[in-house]
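Under the heading topological domain 'Cytoplasmic', Swiss-Prot lists 1-764, 810-956. Per Swiss-Prot, coiled coil is recorded for 8-84. Taken from Swiss-Prot, the feature domain 'GB1/RHD3-type G' applies to 120-358, supported by sequence analysis. Residues or ranges marked as GTP binding site in Swiss-Prot (evidence: sequence analysis): 130, 131, 132, 133, 134, 135, 136, 137. Residues or ranges marked as transmembrane segment in Swiss-Prot (evidence: sequence analysis): 765-785, 789-809. The region 'Disordered' annotation in Swiss-Prot covers 906-929. Per Swiss-Prot, the feature compositional bias 'Polar residues' maps to 915-929.
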């Protein structure tokens, strides 16, 4: 606009001068009779016009200065706001990659133009080359409405464009225009390296090269543009040596064309020069005979003089502008020229290309594109993955609170697909090979994170189901176990069965829902084993729960029977008659038949059992009846031992009236002893086996050893095969009971012998011996009689001895005397020494020396180093596996294997005492034993308790 205004003012001044010359000529031709007044007016008008012109020129300069300043301010403001154009490479060859105050970076320029970033490959780049001050910037400004700086002729011919300037134009801002520094500037002189570098740079990124040529340079081989063309050809061969490399369109714009000279002639001359240059260009061997159109498409156009034919220039530029519209069928921007550099990666690509060019490295565009693709993909991966991590933070927070994340699968699948789609939408513009590689990397990173969250999700889910199982089944079990303490009512078990069914359905549905919603589609389900295991574990626990509920009902029925039968059975057991088991069977049959229908109705109606299972359980009822009878016998500790002892004492120690027997002199004790012992042994045989079948009455567990003729306890009767469920006491328990009974019987027998011996000794003492003892001890008797103290003490001792002798405890006196005599002199010395008596007088006895066992000398073998073994982390299902689920028999086994930390609440119960130790504890203590007898009993009990091998017998 400035040039047009100046031109307009100059033309106006020239017109005024011409008018003045015309007026002067007319004045000379006029005759002397001319009106001078008119002449003076004309002169005055001319002077006013000249003054106005002078003043106008001054004002015009002021206006120009103001406009320049306003333009600078406007450009600065525009640069800061929209960055329509920028200097991408300055005159020193520095790329705009650092945020400097005087210019923005290329990356910022692209970031500000968000529409351009989204274009992908759908944009075009054009650069213009040519001599300095050849009107390149002016042409671009008129052609693309850019605002590049143009030459100010008042300042003389100088370098206007410095380095490389870039502008973003077009309705969609899809055209990038690069204005390159002139090729023959005086400042560079003979330094052609910068010219060559920016030419190579434009070839690397631009699909169209405009070569600005003056018309008078056409045909002159030494013109600067010819060397420029040579550079372009050589550099293009250097860059694009692959068969599939894109072509480049070179548009020759011939400026200031001669209107008198046909354009076709100019074109043919220029084309001839181009072919000469192409023939002389050094080419690789593979392209020695390659024509120029293999690499370039050549287009030619011309424009009139800008100053002399400005209107025509503007008109033809408008026509030329249509060829740069992509919608035009004859557009210069054809897809075959596209260098396929994504819009969002253009800044990085140009930076890398210029860095290689500037450092004089071999420029490998495929490698640069691959490098760009890798960098941009890595950048995308980092950004997308950071966003991905922010979005999954919601899951991590939920997991940290030990809560399951609902709809885990949908959330992860949608998030994964969303992020992969975002990546592919942006990265698909780059090299397919690199994009696929980086897409796999991003996918792997996200799936690793999802997999980790999936493991946490499944662990929490399985623990949640385990807690549900434990809470549900154990709580329910505690309820129906508590029910057993109340009256037997099978209808109450209906509610427990319904609750258990509801628990099972609820837990199954919850687990199916959680497991279905927790397995993302894109990861490998490494919890299949745990899922299948937990499925079977849930079914197994339901099976155990149903079985335990049925067992609880049967146990309740057993206790019910036991409570009914106990008052009837205990008198029979205490009497221990021969027909005891016959009477027991009668009572059991009557009691069972009265309550069996109630049990059957409870199993069918309350527990919803089918007829086959009910029939099976009723067939097993015999086991519960046997168990009830067994519980009645064993609930009293030492019941059988007491019966045997009472039976033995009632026969051996008591008479028919139940009073203690008084033995007669020389009475045979063996007959009542063996009789009482035989009767007591029958009780042991009677209670060895629960005889619920009449055939069982024929079984006997005491036999005679044919070799020795002594009785022995056998494990199984010789006349049949027994049912192990009916065995009341094992062989070792029977041996223990018999040992205790044997010791008790022997103690009573020894006591009876002592009583009988005392009677015999008392009756055999002669009278003369008594008189002789009295005569010899007369002095002592008199001394005692004179001393009241000794007399009283003597009478007391005599009374005690008399009482002991009368009641059969004379053997205690013998035991005391034996104990006193058994104390050695060394023991007395030890006692005195410990009490501190006669410390200075009595020597301290030597302690007996004990031989220490010599340690075995071990071979000096080198010790192997300790192996540090890492403990295997417990599985989320603990020790439960598919293989051992079927072996689970109880909730305790199941929860122990599954590794549940929360112990279910159970009511305390008293375990049944061990029968063997119980039998040993309950050895009859009605008789008093001496120390030696007690040691004898303990030794025999220990021996008996160690006899626990099958089919082992013991003779007595």
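Residue 1 is the first one shown; counting continues down the chain.
Including glycine, each Cβ sits where the backbone N, Cα and C put it.
Within its own chain, the transmembrane segment (765-785) has Cβ neighbours under 8 Å at 791, 794, counting only residues six or more beyond its boundaries. The GTP site is set by 130, 131, 132, 133, 134, 135, 136, 137; from the centre of their CB atoms, other residues of the chain with a CB within 8 Å are 160, 161, 182, 212.
Residues 660, 751, 754-755, 758, 783 of the same chain sit 6 or more residues outside the transmembrane segment (789-809) yet have a Cβ under 8 Å from a Cβ within it. Model confidence over the coiled coil (8-84) stands at 55, taken as the mean pLDDT rounded to a whole number. Secondary structure from DSSP puts residue 137 (GTP binding site) in a helix. The 10 Å shell around the Cβ of residue 132 (GTP binding site) contains 20 further Cβ atoms across the protein chains shown. Around the Cβ of residue 135 (GTP binding site), 25 further Cβ atoms fall within 10 Å across all displayed protein chains. In this structure, of the binding-site residues 130, 131, the smallest number of CB atoms within 10 A of the CB marks 131.
The secondary structure of residue 130 (GTP binding site), as reduced to three states from DSSP, is coil rather than helix or strand. All protein chains included, residue 137 (GTP binding site) registers 22 other Cβ atoms within 10 Å of its own Cβ.
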